[in-house]
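Database features (TrEMBL):
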DOMAIN    B:176-368  domain 'ABC-2 type transporter transmembrane'
TRANSMEM  B:20-42  transmembrane segment
TRANSMEM  B:176-197  transmembrane segment
TRANSMEM  B:204-224  transmembrane segment
TRANSMEM  B:230-251  transmembrane segment
TRANSMEM  B:263-287  transmembrane segment
TRANSMEM  B:350-372  transmembrane segment
Amino acid sequence: MTANAIEAHGLVKIFGRQRAVDGVDLTVPAGSIFGILGPNGAGKTTTLRMLLGILDPDEGTRTLLGTDHPLDVARRVGYLPEERGLYPSMKAYDAIAFMGALRGLPLAEGRRRGRAMLEEHGLGKAADKEVRTLSKGMAQTVQLLGTLVHDPELIVLDEPFSGLDALNQAKLERMIRAQAARGVTVIFSTHVIAHAERLCERIAIIAGGKVPFAGSVSQARDRLRPQVRLETRALDGPWRAALPADAVPEGHFWHFTLPETGVEPLLRALIEGEAGILSLSIERPGLHDAFVAIAGADAARQLEEDQQQESADA
Amino acid sequence: MPELLRASWVIARRDFAAIIFSKAFFFFLLGPIFPLAIGIAAGSIGGQVARDIDRSSFALVMAGADSAAMLQARTALAEQLGEQRVPVLVAVETDDPESVIASGRDTRYLGVLTGNLANPRLIGTQAEIDRWQGPLELLIERARQGEGAAPVRIATRIVTESSGSVEQGRLMTAQVGQALLVLLTMLLAGMVLSNLVEEKTNKIIEILAAAVPIDAIFLGKLFAMLGMAMIGITCWAALAVSAILLAASGLPALPTPAIGWPAFLALGIAYFAMAYLLLGSLFLGIGAMATTVREVQTLSMPVTMGQLIFFFLASFSVTRLGEPIELFAAIFPFSSPFAMLARAAQQDVLWQHLVALGWQAFWVLVLIRFGARLFRRNVLKSGGGKRGLIASMFTRG
């Protein structure tokens, strides 16, 4: 296995006059869970399609499991596209087997595994039903199982949580973690920050076809300084001069960014100035705050709208 | 290449099973029965009409002896020349012959033959006189000779074939074979047009495109459709042969083709496969550009017209063996299978068919490759960088 499951440098894709993807660099370490986070239309799907070889990049290079011809390693890759699709007249277990067969798994073995996987996920009774008769959630599960049936080393999921209810989202999160625990690399795109924050070791934030940040979730959060929440008994006094310039009062509370010098000098000044410290908490910024800071307010607003839209659709 | 074939096999197997085990396939098999039934019905009605029209005849207004001689002569000539070639005469007694065919009368005579044998007179329209004057004069001539004039009989000796009859016979075999090939290809290859619509409608195309080369998708789909077509043809052929044998009329005897029946039939199957794959790969490429069933339907008409052009080219050249137009039809990929089958009926040269099949197979691969590139570029929007469409045909992926 190569050290990096995916490497991409300067990927560009132009549709008409629009640069849908504009110089994307990505490195996905093997065995990690990697999230591509961004609002709809940011270039997530186009990037994934280029990585998988469905689209050829107009500029830039990419390697997938060590090759620059992604179809050469198709047997080692599983892919769940954003737009789910199955042959409606196929039986559930056969649909799983067919997706495995496309990636080199013998049909008979695929059928055997398909039945077993459906059973394992509580869909044993649906195995012999035609896809057209399944509920949307069941059909999505069938497609996901078809993505995994051939035991891929790399799983690429495009908006996998989209359209799932909370229960199935939790199930999918468990499934992703289980795959990662087996050493499988999982890369998924999402516009829901919470999924990326809960699951991913590393993320890439994408907006307007560019990747302004790629690294660990922790590194993203470290882009912002922690926020301090101070409660004092006294409302005024010489100690106020020790507070940072961005300190905002709210009754007996003060909110401000942790100074670069740390909290100790500030505490000393507050104690000496008899501010009467009732409480002090330091909050590390969440990924959402980091996203706003990195991608900009417009991208963050769109991300929130996408999430609200999806909640309404669900 | 093995991976391409493996992937094609996966696609072909899925498509083939989906078609064969669908209810629609049953109706597909029944398909040719409908035009056949319509043909029989139309033929029956047409025959009835023709018989009705044939009853139209000439009124014979002559004195008793002349009239009897004319009728006797008519019977004798009809035996010699055939019923259709001699006008029917109906003896009519009237003092006003012209009134027999006057408009408004409830009779259907084409004209009136009156006067006597020495001085006959024909009343009718210009068209009917032009058409029937000769045969009626022949009848009168025969009637004048009376019963004593025995018809001349030529002694015959039958040989199995003559140079002229062999050539004519093989030409007929060529034409029949070619027409059958064109008909089957026209009927079946057009179905390939809509073959990628299901994948696009159900959004499966992305799963396929991420797992296997587009060339494999095209190849697999084509061979699945070819397999279905072959099953259909086998069923229809078996049904036709059974019907003919049941009717106890025996199989229609076409003259033996120059290359012999076994080789001709084998070549017929091979050329059908090639014609199907050639037209099918073209149609698949065109149909893949369509995004909806409606668009596919719109494309059907020009595609059918295109097929007719290939048919006209091939059938025009069938009687011009060795001439430039026939050579062009044999070389031009889309008419080549039809022209070469006609050659098989008329020339006893096998190697040219092996060359032709290889040439046609080459074009099938070129067309599949081209269609796949076009699909990647226009439907998947995968431009392949700054490479042109033709240049991209020679690259991987």
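Placed from the backbone N, Cα and C atoms, the Cβ positions cover glycine too.
In TrEMBL, annotation is done automatically, which means it is predicted and not curated.
Simply put, out of B:204-224, B:230-251, B:263-287, B:263-287 has the most Cβ pairs sitting under 8 Å from the transmembrane segment (B:176-197).
Away from its own ends, the transmembrane segment (B:350-372) comes close to residues 213-215, 217-219, 222, 259, 263, 267, 270-271, 274, 277-278, 281-282, 284-285, 288, 330-331, 333, 336-337, 340, 343-344, 389, 393 of its chain (Cβ-Cβ under 8 Å, at least six residues beyond either end). Remote same-chain partners of the transmembrane segment (B:230-251), defined as residues 6 or more beyond its termini with a Cβ less than 8 Å from a stretch Cβ, comprise 20, 28-29, 31-32, 184, 188, 272-273.
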